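As written in TrEMBL, here are the features:
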- B:30-292: domain 'Aminotransferase class V' (DOMAIN)
- B:Lys196: N6-(pyridoxal phosphate)lysine (MOD_RES)
- B:Arg341: substrate binding site (BINDING)
4 protein chains.
Amino acid sequence: MSFQNPVFIPGPTNMPEAVRQACYMPTIDHRSPTFGKILHPCLDGVRKVLKSDSAKIFIFPSTGTGGWETALTNTLNSGDKVLAARNGMFSHRWIDMCQRHGLDVQVVETPWGEGLPADKYEEILKADKNHEIKVVLATHNETATGVKSDISAVRKALDAAGHPAMLFVDGVSSIASMDFRFDEWGVDVAVTGSQKGFMLPAGLAIVGFSEKAVAASQNAGLPRTFFDIKDMQKGYDANAFPYTPPVGLMNGLKLSLDMLLDEGLETVFARHHRIAEGVRKAVSAWGLELCAVSPEVYSDTVSAIRTPEGFNATEIVTHAANKYDVAFGVGLGEVAGKVFRIGHLGSLTDVMMLSGLATAEMCMVDLGLDVKLGSGVAAAQEYYSNNAVDGK
Amino acid sequence: MSFQNPVFIPGPTNMPEAVRQACYMPTIDHRSPTFGKILHPCLDGVRKVLKSDSAKIFIFPSTGTGGWETALTNTLNSGDKVLAARNGMFSHRWIDMCQRHGLDVQVVETPWGEGLPADKYEEILKADKNHEIKVVLATHNETATGVKSDISAVRKALDAAGHPAMLFVDGVSSIASMDFRFDEWGVDVAVTGSQKGFMLPAGLAIVGFSEKAVAASQNAGLPRTFFDIKDMQKGYDANAFPYTPPVGLMNGLKLSLDMLLDEGLETVFARHHRIAEGVRKAVSAWGLELCAVSPEVYSDTVSAIRTPEGFNATEIVTHAANKYDVAFGVGLGEVAGKVFRIGHLGSLTDVMMLSGLATAEMCMVDLGLDVKLGSGVAAAQEYYSNNAVDGK
Amino acid sequence: MSFQNPVFIPGPTNMPEAVRQACYMPTIDHRSPTFGKILHPCLDGVRKVLKSDSAKIFIFPSTGTGGWETALTNTLNSGDKVLAARNGMFSHRWIDMCQRHGLDVQVVETPWGEGLPADKYEEILKADKNHEIKVVLATHNETATGVKSDISAVRKALDAAGHPAMLFVDGVSSIASMDFRFDEWGVDVAVTGSQKGFMLPAGLAIVGFSEKAVAASQNAGLPRTFFDIKDMQKGYDANAFPYTPPVGLMNGLKLSLDMLLDEGLETVFARHHRIAEGVRKAVSAWGLELCAVSPEVYSDTVSAIRTPEGFNATEIVTHAANKYDVAFGVGLGEVAGKVFRIGHLGSLTDVMMLSGLATAEMCMVDLGLDVKLGSGVAAAQEYYSNNAVDGK
Amino acid sequence: MSFQNPVFIPGPTNMPEAVRQACYMPTIDHRSPTFGKILHPCLDGVRKVLKSDSAKIFIFPSTGTGGWETALTNTLNSGDKVLAARNGMFSHRWIDMCQRHGLDVQVVETPWGEGLPADKYEEILKADKNHEIKVVLATHNETATGVKSDISAVRKALDAAGHPAMLFVDGVSSIASMDFRFDEWGVDVAVTGSQKGFMLPAGLAIVGFSEKAVAASQNAGLPRTFFDIKDMQKGYDANAFPYTPPVGLMNGLKLSLDMLLDEGLETVFARHHRIAEGVRKAVSAWGLELCAVSPEVYSDTVSAIRTPEGFNATEIVTHAANKYDVAFGVGLGEVAGKVFRIGHLGSLTDVMMLSGLATAEMCMVDLGLDVKLGSGVAAAQEYYSNNAVDGK
């Protein structure tokens, strides 16, 4: 473990030195007022990142998967109907979780590479005259395919149908890196984790609940204890957790929030867009295509890059690790072997990204793909040079 | 947050510098073989600490509470019968969790300060001719009362009754600090966390499952995804997690296990006993009594100390924090205000303990208790001086 | 190296976590403007700690010994006359350095345990009609004997004699822990290091020069390059060093200065006095005496404690290290074997100090001295309890 | 200070995480045996890196400049004659130091960009029939010009002249990165620092003395105390320093030596050569030339790159810092404004280097130089791809 090269996986991301140091704090008494000075700034800061005035924020020592479970178990009863689209590995997994917890999921199968089908949602919601659908699931950014979906369109579908279903959004690989508008989009539960845009180690499930979602917890019959938001809220009201809180990670989150808000959310989003756009310029210069089918669904946090037919894209990832000690992401599920993924989120600079692109290039050439060394790098350099923000 | 004084709470404990540094590692690709080199030593090491040859070890990014939930949801069905004793806050909470998950708990109310009533267990188990009781819960060390229970006696009760119920043990505040014999005691699920004997930050639920408990998961109908051991095992078989693993914490666990096993488990237990015994000498010199009713149930990881009638023991904790920046534990539940707790587990030396005892003494005198400055310290000094192990 | 117990040596001191982290920064370009943002706050902060408006501050990657050499070589010529008193190991070493550099030192032998003989100085200075004495050396705090001297009295001696000699003060173990008044005392060169009151690792020589001392450097013929203040000043004027600066240590110094100035110098001094006074109460309760002959010379940063005739005081230090893993200081030079030293400076709390006193007590009893366990601790507890400052 | 991008200055270098952590140790008693367990492995390890069996190694809390001063003051008397060549800023500074210390330096002016003129040395040494020249200075690697000199040729010159002068070599930017043969080359004093090949922060002067050089210290009249090797040796013999040692940095050095020797010195040198060669391929692809006049003097640790007439090379460095937050080195002295420097030593990978080259390219294009984006990167990629060592 030499830790010399940056990682280019779609999370966990590279971590700022100061954030790592903040996580690395010695033990304090988590029942003392000191902990409140870590807890409340975290809750307030996450709410700001979600662009919400009133969302209740809950932080669990867990991961995004625990966040999904929090969303479901605190709001639903066994047998409840849920509407979801499957357009990648992570939407698939959330659907799978619903089914394991006894929910009745109406799945809209969607080609991997496309965004959520808001129009299909609208159709289905309109047809659901009895409002049996309790929740609509939406994966904001499919980490498996590098596809960003239009959550406001899903909200419009709900509104057009006059449907009262709650809107649950998986923002694990978008929140804190791409624009997310909890209040404006009428989101009821937003789910994320610590190890992506927040630039922390994995270990925190971070969720926001609307008033409506909190209210739903009164009648939610799915069993839960660890992920119970009522216990958690009661804890927060006393500057505490219902069990031992992950103090160091939360201390890191507090700092990470300060850094993000100091930089300015729009600046953070623009930075992610700029770095992503450079990657896309490189992909284009290589003569390759993204898994994401069209520019409006291009993700600013991860690019899944299709390799030519007959080539096993996973080899790039293995080769990069073995020969250059650089980490990229493999394709998952339906696109396993067909794509490799470059993560470009979290603590990253244009300069770091260029070393990732240079490495991907070397790997592709090493493995016999028809790519010209320096070609993608040059395309990205040109873009970065023209769009760089001074003073970084 | 000056971090100058050690903490004397019953976990999270003081952390060794090297362990903190190991936790604080930069990001690696958790899907690379490197992660396997962290994961498997953790599983093997925990198994050794449990004194088991064959237990399946599972580590979740969670806490001990999540470990409890893992135990229940992977082995039981709604309505299943569970036998448990309530003799403190933590046994109470596990019972409460059972009830929330729809289990039918037969509770043996037991005075706080006493150990588990193995004889009552035996009686009940013998009476349960139809073997409706599926699981017996046992809290090895009640952190709220400083009471250690005899798990081998519970095993004997099961055996004497010829009862096939599984034995689930909460070892959160005992494992890695006090002797624990998974195989010898016929434990089916053992639960612990990272922030006690393992001297790490909170953030890991660590559980061991017997073959029987693993088999029970085939028919366990309680809904679960995040805490599903089948998914987890499948992940481990591929050097992975079913979601993003807490790599840094596990890297810390790997080192902590090396340190514990290098020191030798019996030496670790003897160290905890020696430090605890010094605390008990001090308590006696102060003219006070432990909440634990008799020496055979004295815990080597935490002492709950009764203060005189009419005195609010919590004031000692508040005063120590405010005036001396030292953390002790308050009384919880039934013994709130009646006891204060001194944690003496994890990374601790006789010398550190003496500063905790000196502080407790000053607090008691400051608050008007009839205690002589230096009295408890002297009693502990004498014990430590006579029992110290050179070179530590 | 377990790093569990605090150290009780008279420097290097225990370091605050945040200061260590600041030292531990990744590499930056030391020729970039970023370095200026570390350098100048360090120079300004040290000047404030010295209570000077105009002293020129120089920081070398070295130690206090290098600071002494900086003082001499930048101001003097071979054969120049220097007046000094020898009352401990550190004043002895500075005298020895003068002699090695060809200076003519008039040494006033002074009993170890006494302060500087200002009256003798006055007598000698008055007799030096031709003003051949160029520099008067004064060790503010003799770390070997725990003796603080009255520098204002030395200034008065110079003034009374109407003598133009420069006043050089070794403040290695006093500055930033005890009151130091560069301007008021008319100090010409003050010397200190990073590893005492500044709570940093060893590695910085920190010196302050008066205008007069800076002017003397014009004609100072002693050869020097590494320690040349002219080169250093030229560097500072360009935000640089004449060679590679110790960036991390200086980043730590910047933070340490912020912490000291935020706490308030007088509060820092009072804290050192309080902790020292507790140690002295303990010494008295043990029936022992300090090496320092009278209260007005008691040092607030280190106590040298005389043990009974026939007892080798060094055994306490060895025994404490071997049996309890606690570090005290041995006696040096004339008082080797006659005293052991307790350092009580830097990042320390009353509570930490009590564990040091408890350890010293155990060692003395272990080694057969007639000391009662708990006696010194109780005396210190009483003092700390009565004098503690809330809110730490 | 974001610390995201690597630095590309010719030292201080990027530091391995583990080395930084080793430096960052808490305080220990530097007079305890524990310190010996850090000290002696450092001395032994440095000796191995120097490829010497018998050199006496001395480590001072200082920098390379202090190492030069150690070399001179411990071996020479005022007025002694020294032979040196000036072919860059660092050889110039050592000459300047000699003169300040009263030595009589015969300077061979040598074009910046050329190596040491061993033939001229031989001529002069042969002419020095009375052996008045006491020391020959040789800068192994001129950091200012990126020029490596042939030290074995200098030795041959001495031998051919049958001259007994000692050979002092500045290996600050070569030792631990490029082959250095203390014994084979008959070096008498070798000087280096911590912040280059040893991958540590600045703060240690590291020197090796031959028996002959140690013997010379008996009669060396130049005044010294801080840098006195006799005091230092006496300290080492007692596991100590004559003053407070820089324990943390030495703990880091101990680890860095382990890492270098585990990797294997020849592998370390080959790695530096490979990375350097990639840089040189890029320079060539840019149509630029090195300051170093011919391949046999190309340095494997730093490249000074000449920019076209009329262009201020320093602008590249400023622009890289301001726009891309990347640090390169400016030209110094005679080549100020004519070259910019890329450091490629210490903890560095091919991948990191590519991001440096990509940045340099963007800067040159931004500033109007006729360089093609991607051109240098592609040349380096090709070289690295063909020469990479798997698994790094």
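The backbone N, Cα and C atoms fix where each Cβ goes, glycine too.
Distance between Cα atoms for B:Arg341 (substrate binding site) and the residue listed as 'N6-(pyridoxal phosphate)lysine': 15 Å, as a whole number.
Within the same chain, the residues at least 6 positions away from B:Lys196 (N6-(pyridoxal phosphate)lysine) whose Cβ sits under 8 Å from its Cβ are B:Pro10, B:Gly11, B:Pro12, B:Thr13, B:Val172, B:Ser173, B:Ile175, B:Ala176, B:Ser177, B:Thr301, B:Leu345, B:Gly346, listed in sequence order. B:Arg341 (substrate binding site) counts 27 other C-beta atoms within 10 Å of its own C-beta, drawing on all protein chains shown. Mean pLDDT for the domain 'Aminotransferase class V' (B:30-292) in the predicted structure: 98. DSSP gives B:Lys196 (N6-(pyridoxal phosphate)lysine) a coil state; it is part of no helix or strand.
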